[in-house]
Amino acid sequence: MATEKFQESLSTRTGIKDGIPICIGYFPTAMAFAIICRNVGLNLWESVLFSMTNFAGSGQFLAVNLLASGALIFEMFIGVLLINLRYSFMGAALNQKLEGGIRGVRRILIAHGTTDEVFSVAVLHNGLLSSNYLLALELTAYLGWVSGTAVGFLVGMVLPRALQLAVGVTLYAMFSSLFAQELRQKGFLVLAIAAVSALLNSLFVCYFHLGAGWSFVLAMLLASIFGAFLTPDLEKEQQI
């Protein structure tokens with residue numbers, strides 16, 4: 001009986017069921033992303049391809065905003081790499097929960113579909129995760145993101161200009177959600193790191209007159225180094 005229940009929890013059907021709330025949440029966010037893409041000059045297929053090949057909400061919002069500010073490709077690459085670096089840690093954690101024997105294309109697809117929300121749902125399950133469950137979970141979420149991008153671009157063609165410009169605030173909402181997760185897990189120490197990053201970014205832009213891309217990248221790097229020095233103390237406190 002217990003074995004049957006365990007197998008059922010890892011089924012494709014359960015993966016789809018668990019992915020539907022993520023799909024619904026992704027859809028309007030992807031619509032906002034598509035409207036921003038349209039505002040910076042991307043066409044429908046470029047916007048959809050962007051979501052299909054990246055599937056990283058905060059990273060995509062960052063990239064398109066850096067593109068709008070005139071940042072260089074290298075600046076965009078470094079910025080997106082740093083903000084998406086957390087996925088490598090999520091992937092390592094998920095790898096410990098995967099059933100054995102998952103290789104090749106399936107493993108690549110699972111890696112591509114790993115997001116904050118997918119990871120949060122997947123790790124709630126006890127025991128090992130089947131590839132069928134994970135792929136169903138990720139595909140359901142992925143469809144919400146890609147279809148939302150397509151619909152958002154088309155809707156953006158008829159929205160008033162004022163509403164299209166207001167969608168830009170979505171970037172800050174995405175970062176606020178990431179910040180809230182870190183704040184719950186690590187406490188107000190995260191505030192200090194965020195404050196250092198904001199201060200450095202302001203100094204680079206206003207005082208040193210750096211471009212938006214380089215100022216963001218340098219501020220993120222230096223704030224990360226600052227946070228790395230504080231991490232050992234934080235780990236000691238958690239162990240105590």
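Residue numbering: from 1, along the chain as shown.
Placement of Cβ uses the backbone N, Cα and C atoms for every residue, glycine included.
Because TrEMBL annotations are produced automatically, they should be read as predictions rather than curated entries.
Pulled from TrEMBL, these are the features on record:
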{"type": "TRANSMEM", "residues": "20-41", "note": "transmembrane segment"}
{"type": "TRANSMEM", "residues": "61-83", "note": "transmembrane segment"}
{"type": "TRANSMEM", "residues": "133-156", "note": "transmembrane segment"}
{"type": "TRANSMEM", "residues": "162-180", "note": "transmembrane segment"}
{"type": "TRANSMEM", "residues": "187-210", "note": "transmembrane segment"}
{"type": "TRANSMEM", "residues": "216-234", "note": "transmembrane segment"}
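No contact links the transmembrane segment (20-41) to the transmembrane segment (187-210), because fewer than 3 Cβ pairs that are 6 or more residues apart lie under 8 A.
Sequence-remote contacts of a segment are chain residues at least 6 beyond its ends whose Cβ falls under 8 Å from one of its Cβ atoms, and for the transmembrane segment (61-83) they are 33, 36-37, 39-40, 42, 50, 54, 168, 170-171, 174, 211-214, 216-217, 220-221, 224.
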